[in-house]
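A.B. asks: Next up is a structure, given as structure tokens.
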Amino acid sequence: MKTLLLTLVVVTIVCLDFGYTIVCYKRHASDSQTTTCLSGICYKKITRGISRPEMGCGCPQSSRGVKVECCMRDKCNG
């Protein structure tokens, strides 16, 4: 019984992956707030001609006129 309980605890910890969630700023247009990102990656997207960057979770690809900065620490995209 103890072995079964220990196995369930280990499986739960591995499946939930506690160590890889971080807090990122999330902003579109004029509002700015934080969000928990399960991916463990934050981004800041700077588009030429737009004064405020877009921020969020993940790491989108950059393109012509768009610079994307990705990072992996709490609130690193601020």
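Cβ from N, Cα, C; glycine included.
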A.B. asks: Of the candidates Cys37, Cys76, which does Swiss-Prot name as forming a disulfide with Cys57?
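C.D. replies: It is Cys37, per the disulfide annotation in Swiss-Prot.
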A.B. asks: Does Cys59 (disulfide bond) have same-chain partners at least 6 apart in sequence with Cβ under 8 Å from its own Cβ, and which are they?
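C.D. replies: Looking at Cβ-Cβ distances below 8 Å from Cys59 (disulfide bond), excluding near sequence neighbours, one finds Ile41, Tyr43, Val68, Cys70.
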A.B. asks: Based on Cα coordinates, which of the following disulfide-bonded residues are within 10 Å of Cys57 (disulfide bond): Cys24, Cys42, Cys76?
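C.D. replies: So the list is Cys24, Cys42.
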A.B. asks: Looking at the disulfide-bonded residues Cys24, Cys37, Cys42, which ones sit with their CA no more than 10 Å from the CA of Cys76 (disulfide bond)?
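C.D. replies: For Cys76 (disulfide bond), the disulfide-bonded residues whose Cα atoms are within 10 Å come to Cys24, Cys42.
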A.B. asks: Applying a 10 Å Cβ distance cut-off over all chains shown, what neighbour count does Cys24 (disulfide bond) have?
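C.D. replies: The answer is 27 other Cβ atoms.
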